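Trainee: So TrEMBL lists the following for this protein:
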DOMAIN    A:4-66  domain 'SRP9'
REGION    A:81-103  region 'Disordered'
Amino acid sequence: MVYISSWDEFAERSIQLFRADPQSTRYVMKYRHCDGKLVLKVADNRECLKFKTDQAQDAKKMEKLNNVFFTLMVRGPDADITEVSGKEQTEAQPTKKGRGRKQ
Amino acid sequence: MGFCCFRVTELVLLQPDPFLNELTAMYGRSTENGSVWVTFKRSSMKSKAKRNKLGADALEFRCLVRATDGKKTISTLISAKDQQKFQSSYATVLKAHMHALKKRERKDKKKAAEVNKKEEKAPKKSRSSTKVTA
């Protein structure tokens, strides 16, 4: 299986893969510190999706996907993931205008 | 629980918090060489025979999280109750250890000067937004 180069495509297809077969789909994150490489893999025994990166910004995207998969795997394939996947965007909006750090 | 019976390498099933401690140690040990794999899987922790016997409706699913560095394997089960807490603690562990990845600014030094000005604000935004969501 070749690596998928677009993050959005990878994220979308991996969620589809899980929903199609929740019991055999797993999500693997491999991190190699000495090479500074991160590989994500989603597979269901038939299909395998992979994404490779060395960029720190992709780690942030991965964090969101982690949360999506946590939600899907704990609450079931029909769980509502709009909150987990869309929350950051809707909440990031007001902070743009905000007065610096909110704490 | 007879995990050791059918596995060559021992799969240690831990509570979420000890798991995170052990994962932190694993990342600490693998900085100079080696990789760490973390797997998420939806699992009922029942054998196939038992699954068929019980039927799909009677099964209780949780999220099995496994981590290995190639020598040792640890695992934990996350239920709906633990999810929020584990999710954020796990993200914290990752953030603390994934610092070998490249930052965007370093890509091109000439361009970086221009891009930096625009991007200087961007990290702040994302930082403050993660604080809000956390």
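Just so you know, glycine gets a Cβ as well, placed from its N, Cα and C.
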Trainee: Looking only at the domain 'SRP9' (A:4-66), what are its DSSP counts of helix, strand and coil residues?
Mentor: 25 helix, 21 strand, 17 coil
Trainee: Do you know the mean pLDDT across the domain 'SRP9' (A:4-66)?
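Mentor: Mean pLDDT for the domain 'SRP9' (A:4-66): 95.
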